[in-house]
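Feature list (source: TrEMBL):
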DOMAIN    5-87  domain 'Shikimate dehydrogenase substrate binding N-terminal'
BINDING   S13, L14, S15, T60, N85, D100, Y211, Q239  shikimate binding site
ACT_SITE  K64  active site, proton acceptor
BINDING   D76, G124, A125, G126, G127, A128, I209, G232  NADP(+) binding site
DOMAIN    110-184  domain 'Quinate/shikimate 5-dehydrogenase/glutamyl-tRNA reductase'
DOMAIN    232-261  domain 'SDH C-terminal'
Amino acid sequence: MKFAVIGHPIDHSLSPHMHHANFKSLNLDYGYEALNIPPAHFEHIRDIISDKALDGFNVTIPHKERIIEYLDEMSDEARAIGAVNTVKIENGKWIGYNTDGTGFVKGLQAKYGDLTDAHILILGAGGASKGIAYALSQVTDKPISVANRSMSRFKDWQLDIQSYSLQDVASIAHQFDIIINTTPVGMHQSQESVMSFEQLKPDVLVCDIIYIPFQTAFLKEAAEKECATYNGLDMFIYQGAESFKIWTGLDSDIMTMRNAVIKKLNPTTT
Ligand code: ATR
C-alpha cells in the first residue's frame, strides 16, 4: 500500500520517518512520502494524488480545511471539527477523517488513565481545540471547559461546552484536573503567559500540543510550579497510528514510532 502527507512547506515533516519505522516493525512493505503541494496547485489535488495511486494520505498545514471540497464523504468527527487530516481512498472514493483530537486523547488516556471523571480545561478555541474537545466529549462524563481570547470564536462551535474568556481563567483554574494549551502562546521564552499557574490543583496535569520545542515555555513554567506536564509528542504519534488504523485496520507499534521520532528530534537540542 502507498500513503503520503500533503502540506506546504513539508520538508521538515517527521511523518514519513515515523510511518516507515512502523511499517518496518510490522514487516510491511508499504510506502509513505511527503508531497509539497503549494496552495496555488491545490486545485489539481485529485489528479496529483491519482497519479501516485495512493491508498490514503494525511493532510497538514495549510490544507486541512481546503481539502474538504474535494472529498466524497466525511466522518461525523471531521464534519463537526470542520477540518480533515486523514483521507482514505477506497475504489476511487475519498473519505475524510480527523485523527488529531483522537490522537491527543488516546495519548492522554495512556498517560493519565481513565478520563471519565476528569475536569478538563482547554485554552484556545481554534481547529486543534475543537478536535480535542470533540474527542474528549466521547470519553468524559464531565462538561468540557474551553477558554479563548475572543468569545466570537465560539460562534461556529456545535459542541456542547462551557465557554470562558481567557481573562477569567485565573478565577476558575483551580477546578481542573487537566489543562491543555492549544494556543501558540508560550511556545518560546520571552512570550507573555497565557495563564497564571498560581492556585492550581496540586495534582493538575498541564499539557501543550506542541512538541517542538519539546518543553515549551508554557510547560517549563508549569514544571517550575511543580505541576506534572505533558507535551504534544504523543498527539503526533497517536494521530499517525489512528490514520494507519483507518487505512489498514491494523494497530501500530507506538513505542517504535515514538522512539523513531524522538531519535530524529534529539530533544536535548530542541
Ligand atoms: P489551531 O488550528 O492550531 O488551533 P487556529 O485555528 O488558528 O490554530 O487557532 C489559534 C488559537 O490560538 C485561537 O484560539 C486563538 O485565539 P483567538 O480565537 O482569540 O484568535 C489563539 N491565540 C493565538 N494567538 C493568541 C494570543 N496571542 N493570545 C491568546 N490566544 C491566542
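Cβ atoms here come from the backbone N, Cα and C positions, even for glycine.
According to DSSP, the secondary structure content of the domain 'Shikimate dehydrogenase substrate binding N-terminal' (5-87) in residues is 36 helix, 17 strand, 30 coil.
Close to ligand 1, meaning a Cβ under 6 Å from one of its atoms, is not one of the recorded positions S15, K64, I209, Y211. Note: the CA-CA distance between G127 (NADP(+) binding site) and Y211 (shikimate binding site) rounds to 17 Å.
Taking Cα separation as the measure, I209 (NADP(+) binding site) is nearest to Q239 of the binding-site residues S13, S15, T60, N85, Q239. For N85 (shikimate binding site), other Cβ atoms within 10 Å of its Cβ number 28. In this structure, D100 (shikimate binding site) is part of a helix by DSSP. Counting only residues at least six positions away in the same chain, the Cβ atoms of V5, G7, A34, T60 sit under 8 Å from the Cβ of S13 (shikimate binding site).
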